[in-house]
Amino acid sequence: MATPEEAVPFKGQVYAEIKDENQGGLWEDPEFPAENQSLYFSNHENLQRYNFKWMRPGITPDFDNEALNGSPYEHGFFARGVKETIYIRAHRPSLNRGGERYRLLTNFDPEIVGNPEYIDASEGASRFDVCQGCVGDCWMLAATATLAQKPFLFKRVCCEDNSYSDDYCGVFHFRFWQYGEWVDVVIDDRIPMVVFDWGDPQYFSLHSNDKNEFWSALLEKAYAKLHGSYESLEGGHTSDALVDFTGGMTERYDTTDPEKLPPDLHKILMKAFERGSTMGCSGIKGGSAGLEAIQDNGLVQQHAYSITGFAEVEGTQLVRIRNPWGKTEWKGPWGDQSDEWSAVDEGTKEELGIVNRDDGEFWMSYEDFLTYWKNIEICNLTPEAMGDEDEEKLKWNVNNMVGRWIKNESAGGCANFRQSSFAANPQFKVNLTDADDGDDDNMASCLISLMQKDRRKQKHLGKTNLFLGFYMYEANGRSKLKRRDVMTEAPVASSGSYINYRERSSHFKVNPGEYIVLPSTFNPNEEGEFILRVFTEKEASAEEQQDDDKIVKQDKPKPPKEEWSDEKKDKFKAFFEMVAGLSGDEEEVPAIDPFELKSLFDCIFKDPSLTIDLCKDVIQMFDADGSGKIEYEEFDDMWDTVEPWLSAFKNSDYDKSGKLSVYELQEALEEIVGFYIPKRLLTKLAFRYVDEDGHISGGNFLRIAMRLHGLWSFTIPKKLLCQLARRYVDEEGCISGGDFLRIAIRLTSLWNQQSGDAEDDGAGGFALNMGGQIGGLLGMFM
């Protein structure tokens, strides 16, 4: 499993290299420039409303107060109470580039004299260092406050070698988990500020209560760079940021329907907290509407909070919660100024950190907690995210897998489409070998997480989260489920309603055994990438069930031809002669041309896609003497072949649309030719025949069937076949689907070009002669 120490440089920027190359200067990040595009990807109203300026935290170099007459470089600094602009000569080497002079905007307000600090040296990082600016990313701030409480996790994200003193050159870096790997994001320390004609500049970004401390503002900037802009951070779920900070897996609980909550939810929350999990809550029930509207009870609507502790006082279960604003608290029972604390001894209050000030953190009863909050989120940590102090704690076994939903191939939609495409979704087999220790019911715990990738980074493209979900079926010895399986069997578990969260996860208890998990979007043909993770208390295995890349002949014998009575034969022949339109000449041999065949198809199948050109192809396929018509025996052979194909088309058209999706095509071809064709190969085969919606008409289905029929009717002598296959077989003597497709395309092309020279092999197929056809064929491959 990847660790932060193995983080991949984001956008190829290596922190150590950049720092070495910029000693004696101040680095400016070309990948995240100090420009409006890094603030907003849209034409946001704030760009017209405010005057933005990017400023570096103050630097107090050793200097003399020699006034300068300006210079080409301006170093911006914001601090509350800026008094004046002073021109200085910087003696610190990092501020002198080749002897050039720089104009520095610095601050001499006596309240904040001193160098800026990455982290306060005396107090360290604290949840009180997290105060929201103008960006609507309270979800990320709630997670940041939680991160600050856990030193081991904090050091993994906020790198310890960041500093404003040691070889400072304006370069900092932070590490985030992204879909199975860690990335190292390098930034410069220019921070966006809002400048007014009156008063002090104000923070646009997250900031600390300590005016000299900048770790939280820089962390937010790195997170904004990871997602493309600060605007990309607008709106989200605390759990998303917690996962990005830890690599953990989220559990969500919706309290709006108490009957659906686990009866032991408090125990689950306590156990998660003791395990080191991070937690948050959001969404206030009732009260006034509006984004981040403050209720009479002090809680903020549509706002994310972090859960920072649990306790029991005077027999009451309490939950400690923090508002990332750093102010505005709960005014109800067990709030900081409530009467309940008057009966509690000072030692207990001191232990619980009870202070009578508006610092954003407060206690409330567990009962009120469930009453007022809609959503509770837990981020379960992976084993490598737990520090040495957590050695004795229960750790999860983790399996990570990645996948994609591809249009017309593996994006089958939800179980509403089980009759057509649902089984085409990627499938993953999970093997739960043992029950949990101490489980009275001998059951195995299983947390499954489905996470869509990079949708926030694509906000500027208009992309939003897809509606996700998954189902879990018993494997019963199968490697993959087919359409008939999902139509006749009920899943043992599911993620529930499809929701457009980045991550959908559920906690199950099931019997040990093998299961198949089908993740999907709500609608078919919605494309995207995802990561599927399985957390278990005991050792388990999980892997994607890949399509066999080889075409497989199904053990499906062709049904014997129905024996017709003499009467039925006579009627069929009369039918043929009627279509043929005999002139009355007794010596005339009845035969059907393409136009007569088109009239027949129109009468029986009523499908406009069965065109005259297609009818010409059908005639050519069964016209042994090259007359351009088919006589009775040829017609009989044609009907025995084509009618089942068109019946298969109709039977596979489950939605009765008159067309087949590529998903339906696979089963129809199995019925016709008795071959299983892998989805990727099938997609390539069908490419030239699908319409703009990815569907196949009856006429194009018939063309595909004819090509396959012609391809598999070639007879090639064994000796020459061995020469042909030698180039493509693997060490086991097998031919992959891709190589088979190459052979198939060439053979089909050759058959189309030279079928006039092909000889009847006496078995209803074609045999390549030993002359130019075989020579030309081998020349194409060798």
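Counting starts with 1 at the first residue shown.
Each residue, glycine too, has its Cβ placed from N, Cα and C.
Look at TrEMBL and you will find 26-382 tagged as domain 'Calpain catalytic'. Per-residue pLDDT, averaged across the domain 'Calpain catalytic' (26-382), gives 79.
Around the Cβ of C138 (active site), the number of neighbouring Cβ atoms within 10 Å comes to 25. What TrEMBL lists as active site is C138 (among others).
The feature active site is assigned by TrEMBL to H303 (among others). For H303 (active site), the same-chain residues lying six or more positions away in sequence with a CB closer than 8 A to its CB are C138, S282, I284, E292, N323.
Per TrEMBL, the feature active site maps to N323 (among others). The secondary structure of N323 (active site), as reduced to three states from DSSP, is coil rather than helix or strand.
Here TrEMBL flags 540-567 as region 'Disordered'.
Among the features that TrEMBL reports, compositional bias 'Basic and acidic residues' is placed at 548-567.
What TrEMBL lists as domain 'EF-hand' is 610-645 (among others).
Feature annotation from TrEMBL assigns domain 'EF-hand' to 648-675 (among others).
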> So, by DSSP, how many helix, strand and coil residues make up the domain 'EF-hand' (610-645)?
Replying inline: 25 helix, 2 strand, 9 coil
> By a simple count, how many Cβ atoms lie within 10 Å of the Cβ of N323 (active site), its own Cβ left out?
Replying inline: 26
> Can you tell me the three-state DSSP label for H303 (active site)?
Replying inline: coil
